[in-house]
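*Asks:* The structure's right below; bear with me while I get my questions together.
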Amino acid sequence: MTLQPAILSEPDTPAPAEALTRVSPMMEQYHEIKAANPGLLLFYRMGDFYELFFEDAEIAARALGITLTKRGKHKGQDIPMCGVPVERSDDYLHRLIALGHRVAVCEQTEDPAAARARKSVVRRDVVRLITPGTLTEDTLLDARTNNYLLAIARVRGSTGGDRLGLAWIDISTAEFIVTECALGELAATLARINPNEAIVTDALYSDPELGPLLRELAAVTPLTRDVFDSATAERRLCDYFAVATMDGLAAMSRLEATAAAACITYVERTQLGQKPPLSPPSREIAGATMAIDPATRANLELTRTLAGERRGSLLDAIDCTVTAAGSRLLAQRLAAPLTDAGAIAHRLDAVEAFVADPILRDGLRATLRAAPDLARALARLSVGRGGPRDLAALRDGLLAADAALAQLAAATSLPQEILAAMAALRRPSRQLADEFSRALADELPLQKRDGGFVRANYQAALDETRALRDASRQVVAAMQARYADAAGVKGLKIRHNNVLGYFVEVTAQHGERLMAAPMNATFIHRQTLAGQVRFTTAELGEIEAKIANAGERALGLELEIFEKLTAMVIAATDDLRAAAQAFATLDVTLALAKLAIDDNYVRPEVDGSLSFAIEGGRHPVVEQALKRDGQPFIANACDLSPGPAQSSGQIWLITGPNMAGKSTFLRQNALIALLAQIGAFVPAARARIGIVDRLFSRVGAADDLARGRSTFMVEMVETAVILNQASERALVILDEIGRGTATFDGLSIAWAAIEHLHESNRCRALFATHYHELTALSGKLPRVFNATVRVKEWHGEVVFLHEVMPGSADRSYGIQVAKLAGLPPSVIARAKTVLAKLEANDRGQSARALADDLPLFALTARAPAEALPPTEAEQLIAALQALHPDELTPREALDALYALKAKLPK
């Protein structure tokens, strides 16, 4: 969703005077804090609840489905209010952030008792600004997905060619990337990055061309122009990364620097002045990754299905990773396949090494399975939101690094990518792991404020303080026995309440003894009740103070230790970050090796040619689904390589019936190319693929009512993108172009599109169609090759063989598919009659003449069986269904078998 334009103002912004008149002190404070944080939902701490007021309450109540009530009045009007319990606030925050809202968390910063003593409202301050793109908490993040904040800056071209600078950050993993693109490339780039929040200028947000595209993102935050000030961008970047000049950072354009500076400015504001330690910006080189437009990503279901689910996507099918960081890296690679054959070969070498060594592969996967998410633990500690378990995660990660290095050291001839990962794993000092092992207890609380996370015997002062805290009962019990003996009062008790603290209590008859000399020198009278008299002593007061402070002092000492350990972590940030990346790289490589072994994938040959030769290709997702059902996948070859037209062609024109597997064949070849270029083995018997620089898919379509576009219009827009942008190195798959309009219109469009692909784009393409007339183009265009999907007719039934072979189909078998779908028999019978008449007249008869010639279609009272007699196959199936094998004698079974054989056609 899109949020209101907002500036994350500094906390000293004054509130409007009119908002502060005639309100209670609490509401006055609320208005001041709210005015300093416009555009954010204010979670205002009130005891054990966070409360929201006015419009914030109405928004939150709708979004969370909680009760909207009221609290007092403001200017004579009821104040809308809703609230959520503090202890469950993370759940509510997660839901609000997922909907694109931003939240300011306002906490009580003093004890209410201190406020009462001052006769004033409790002091409160905003301690966190939570936005969709600046999350670090595990409870708010998806462990397997990056959480990107994206900044977009624009410069107007003198001839109308606008350029855009993009910078995106994941502060939960410290990634920071910049690039520059043309306006026409923005949609594909946004689809690849998939940001959780985008920041832009007010002007860009309101731009008639860019605005609609931006508003399709999950959350957009318009900011004032000063955040995107190019004149101060380099200084802001240098200040953030503590370098004297931009020479200390990666080379980047002024436009990229502007976007990068906007990112870090927004991060600093949302983190209330803290500077999360980010990796220096890395510059993404234009053309280094395969360009994939949004429609193609959606159609191929790379990371999400068309229904928005991860399950059933390509990512779900190939994700064998055992760590969250590995899963994130695999998704990144799938979103941005490489176009450098050398870099792809390095990745494939690493996968092949693990394919060839099952013992090393399985052992390393077991080691990585125990490795925590180092990157996100490091990020939380860096911004002050970490806990003891994050320190333990780093300890366990370093121990896992040692184990992994020991396993890898036993291997020989490791490829470059694995050697680089080993070097990164060696970087962190092992003193960190040793220190954390000595310092951290076995059982750790979630929050550092809970205490109890430092191991006994780590610090003497802490042990002494804990002993006093934990031994308080024994100390008081010993004092009680000593006082009872000294006073000669066996019933003397030491008790405690919140008013008097610790006190000595005796019955009324013994009270006079303690108030008389010499006992009154020790026991000081405090209170007389009906049946008891209460006293205190100087010693008891001292012990009470020690006991009361012991818990606080113990926690304070633990927090000091926590800060010391955290400082050690921050000092080693770069080394720990490198180790975290190495874990992710190893995990992805191992996962792809396991996938190759489990599903019989092969190493593709990827080079700089224009080849595309697949033998025994399979669809990775469909194959897995069929395997679960115990069914085989029919493999098919595809050769789009340049060569003689009679053997193949760079444009395959595929005809065949519905349900035969044309769309699956199209998609599987696109996915094989994509898998090859992320450095994965592929589902085929053999594959040689020349680098694909752009991947286009126009498969299936739905209307876009929000933009006022029909299904056919969506289809034409997607086709236009392909015809205008596909290069010689592109791979294009097109399914049934022109089907959404009149037959001859659609045929004409499809015909012209094929000619354009052949003559102008000159790319590799798969074109599936039901316009059989198009097959004539293979005789006219030398690089067009006809292919068809085999079917077999058997006694009036159609059997889909799912085999792609040279040739063309003369029928689409639509009526047979309609019958399989369950259309009423009377409709099927009527359709056959109409089809026969159409075919007899070769479609040359006018619609009016055809309607006059055919008898009127009318439903009768005839039974469906009379309308369409069962086929021989249906009769055989019915006979088999009527048999009950467990109830037949051997003789009856034999007779039944002969009877069935007799029903078979001669």
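Glycine is treated like the rest: Cβ placed from N, Cα and C.
Feature table excerpt (Swiss-Prot):
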| type | residues | note |
| --- | --- | --- |
| BINDING | GLY656, PRO657, ASN658, MET659, ALA660, GLY661, LYS662, SER663 | ATP binding site |
*Asks:* Tell me which of the binding-site residues GLY656, PRO657, GLY661 sits in the most Cβ-dense spot, judged by other Cβ atoms within 10 Å.
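*Replies:* That would be GLY656, with the most Cβ atoms nearby.
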*Asks:* Per DSSP, PRO657 (ATP binding site) is which: helix, strand or coil?
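*Replies:* Once the DSSP labels are grouped into three classes, PRO657 (ATP binding site) ends up as coil.
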*Asks:* Among the binding-site residues MET659, ALA660, whose Cβ has the fewest other Cβ atoms within 10 Å?
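*Replies:* Result for the binding-site residues MET659, ALA660: minimum number of other Cβ atoms within 10 Å at MET659.
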*Asks:* Give the sequence-ordered set of same-chain residues, not counting GLY656, PRO657, ASN658, MET659, ALA660, GLY661, LYS662, SER663, with Cβ within 8 Å of the centre of the Cβ atoms defining the ATP site.
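*Replies:* Apart from GLY656, PRO657, ASN658, MET659, ALA660, GLY661, LYS662, SER663, the close residues are VAL789, PHE800.
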*Asks:* Can you tell me the three-state DSSP label for SER663 (ATP binding site)?
*Replies:* helix
